[in-house]
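K.L.:
Next up is a structure, given as structure tokens.
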Amino acid sequence: MSNGRERFATKLGFILAAVGSAVGLGNVWRFSYVAGENGGAAFLLVYLLCIFLIGLPVLLAEFSIGRRGQQDVVGSFNTIAPQKPWAIGGILGVASAFIILSFYGVIAGWVVYFLYSYVTGAAAGVETGEYADFFGAFIGGAAGPVFWQVLFMALTIAIVFFGVKKGIELSNKIFMPLLAVILLFLAGYALTLDGAAEGLAFLFRPEFSAFGNPGIYAAAIGQAFFTLSLGMGAMITYASYLPKETKLPSAAGTVVTLDTLFAIVVGIMIFPAVFTFAQFDVGDAGPGLVFITLPEVFNQMGAMGTMFGILFFFLVAVAALSSAISLLEVSVAYAMRKFNWTRRFAAIAVGTVVTLFGVPSALSQGGPLSDFTVAGLPFLDLMDTITDNYFLPLGGFVIALFVGWGWNKVDALKETGLTDTTVGTVWIWFLRIVAPIGILGILLLNIFG
Ligand code: ILE
């Protein structure tokens with residue numbers, strides 16, 4: 001079936017692109033500090049439950065909606081269920097992708113700046129114990145953070161500009177294997193460090209008292225949505241470039257497995273290193289874990305540290321880029337249909353607007369806009385909280401209910417090739433009951449907790 005819509009050339013190309021979307025800052029920067037703050041192993045366990053009980057069914061639901069709808073995220077809902085309020089799920093998706101990309105580009109810009117600083121030797125020249133100042137001075141500036149954000153966004157726009165096959169698919173085919181190789185190398189090295197046993201125990205041996213803290217459940221589900229790119233329209237949009245033959249359940253399983261493995265291997269790399277070299281408690285590191293604690297670790301490694309710094313930040317930059325393109329594609333696909341724009345014009349126009357909207361975030365972390373806060377949150381944190389705590393779970397909630405109850409069950413199962421199978425029945429009931437109740441609980445916790 002060809003309706004003139006762009007297509008991925010191969011199933012592998014689609015899977016790599018979806019993995020590219022999933023694997024990003026969420027798996028490295030966010031996963032490591034959120035796991036660190038929430039007790040390590042206890043968090044990991046709850047997170048894995050959220051991934052498989054809620055994330056996987058919702059991901060498969062997103063794939064089905066996109067492939068059936070054959071349109072951007074709003075259009076896909078409208079095609080399957082015309083004149084129904086379900087399209088709100090699509091609107092939430094476009095809004096989330098747009099807002100997240102605005103600050104995602106800022107943090108990715110920090111990563112590219114660190115990569116640059118390791119390449120030039122500037123980062124290696126920082127004295128022990130001074131990386132907090134080094135990082136603080138950079139993000140507290142004005143021109144610096146904006147410059148690196150704009151540079152990163154320009155790369156993102158360039159890839160989306162070239163379209164599904166020549167931009168998104170091709171870049172991910174190069175990026176994903178590269179990521180795997182670098183990550184395995186870094187993790188292998190981390191396992192040889194003195195603190196390896198302690199680091200692994202932190203990641204894999206839960207302290208049971210940690211389960212009593214309600215915060216870890218909200219953190220785990222927020223992380224599950226973020227890391228699988230759920231509720232932000234990205235997976236729906238990518239699946240809309242698939243032909244009818246592609247088997248969706250195996251694709252969803254592969255994406256979830258690879259994304260989860262990636263996060264765990266990142267943990268295997270980071271925690272041994274942190275327990276070997278860092279002089280402070282990993283639970284207190286917060287979002288600075290990757291930008292302050294790890295550079296301190298590289299610093300202790302002497303000459304090898306520079307090489308690790310370069311490899312590590314290159315890895316994170318590439319992972320961030322393959323995610324950012326999926327976020328931009330959501331709004332670009334929407335604008336192309338809605339305003340009848342060409343891809344090239346939409347990529348540049350939408351990309352520019354997202355970048356401009358990200359500037360206040362870039363200036364909010366100690367820079368000129370840090371005093372401008374809403375509910376005590378600087379602009380970047382505000383955007384992050386609105387999307388993570390409310391928009392993503394809400395979007396996931398609508399998607400689960402739509403495929404579980406709104407969309408005709410026979411059609412939904414047919415779309416996934418799961419008609420008359422146990423897996424299909426289990427999937428539908430997870431979408432009907434388990435996912436909505438889980439998500440609702442967390443939403444209420446976020447609102448009233
Ligand atoms: N899933 C990716 C990540 O984990 C992005 C999230 C797309 C916004 O970083």
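Cβ atoms here come from the backbone N, Cα and C positions, even for glycine.
Pasting the relevant annotations from TrEMBL:
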type: TRANSMEM; residues: 12-29; note: transmembrane segment
type: TRANSMEM; residues: 41-65; note: transmembrane segment
type: TRANSMEM; residues: 86-115; note: transmembrane segment
type: TRANSMEM; residues: 135-162; note: transmembrane segment
type: TRANSMEM; residues: 174-196; note: transmembrane segment
type: TRANSMEM; residues: 216-239; note: transmembrane segment
type: TRANSMEM; residues: 251-275; note: transmembrane segment
type: TRANSMEM; residues: 307-333; note: transmembrane segment
type: TRANSMEM; residues: 345-363; note: transmembrane segment
type: TRANSMEM; residues: 390-408; note: transmembrane segment
type: TRANSMEM; residues: 429-448; note: transmembrane segment
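I'm curious about the neighbourhood of these features; can you describe it?
P.N.:
Remote same-chain residues near the transmembrane segment (12-29) are listed as 104, 107-108, 111, 165, 168-169, 171-173, 175-176, 179, 223, 226-229, 234-235, 238-239, 241-242, 246, 251, 254-255, 258-259, 262-263, 266, 287, 289-290, 315-316, 319-320, 322-327 (criterion: CB distance under 8 Å, separation of at least six residues from the stretch ends).
With a cut-off of 8 Å between Cβ atoms, the residues of this chain six or more beyond the transmembrane segment (135-162) that come close are 101, 105-106, 108-110, 112-113, 116, 168, 170-171, 288, 291-292, 295, 317, 320-321, 324-325, 328-329, 332, 343-344, 347-348, 351-352, 354-355, 358-359, 362-363, 365-368, 370.
Long-range contacts of the transmembrane segment (174-196) within its own chain (CB-CB distance under 8 A, at least 6 residues past either end) are made by residues 16, 19-20, 23, 262, 265-266, 268-270, 272-277, 308, 311-312, 314-315, 318-319, 321-322.
Tertiary neighbourhood of the transmembrane segment (216-239): same-chain residues 8, 14, 17-18, 21-22, 24, 26-27, 30-31, 34, 37-39, 42-43, 46-47, 49-51, 54-55, 58-59, 62-67, 69, 72-73, 76, 90, 92-94, 96-97, 100, 168, 210, 248, 255-256, 259, 263, 323, 326-327, 329-330, 333-334, 387-389, 391-396, 399, 438-439, 441-442, 445-446, 449, selected by CB-CB distance under 8 Å and a gap of 6+ residues from either end.
Within its own chain, the transmembrane segment (251-275) has Cβ neighbours under 8 Å at 11, 14-15, 18-19, 22-23, 26-28, 31-32, 35-36, 40, 44, 48, 51-52, 55-56, 59-60, 63, 179, 183-184, 186-187, 190-191, 193, 195-196, 198-200, 202-203, 227-228, 282, 285, 289-290, 293-294, 297, counting only residues six or more beyond its boundaries.
Listed by sequence, the residues of this chain that lie at least six past the ends of the transmembrane segment (307-333) yet keep a Cβ under 8 A from its Cβ atoms are 17, 20-29, 71-73, 93-94, 97-98, 100-101, 104-105, 107-108, 111-112, 114-115, 118-119, 123-124, 152-153, 155-157, 159-160, 167-168, 171-172, 175-176, 178-179, 182-183, 185-186, 189, 229, 232-234, 237-238, 240, 290, 294-295, 298, 301, 343, 346-347, 350-351, 354.
Cβ atoms under 8 Å from those of the transmembrane segment (390-408) belong to residues 54, 57-58, 61-62, 64-65, 77, 80-81, 84, 86, 88-89, 92-93, 95-96, 99, 221-222, 225-226, 230-233, 428-429, 431-433, 435-436, 439-440, 442-443, 446-447 of the same chain, restricted to positions at least 6 beyond its ends.
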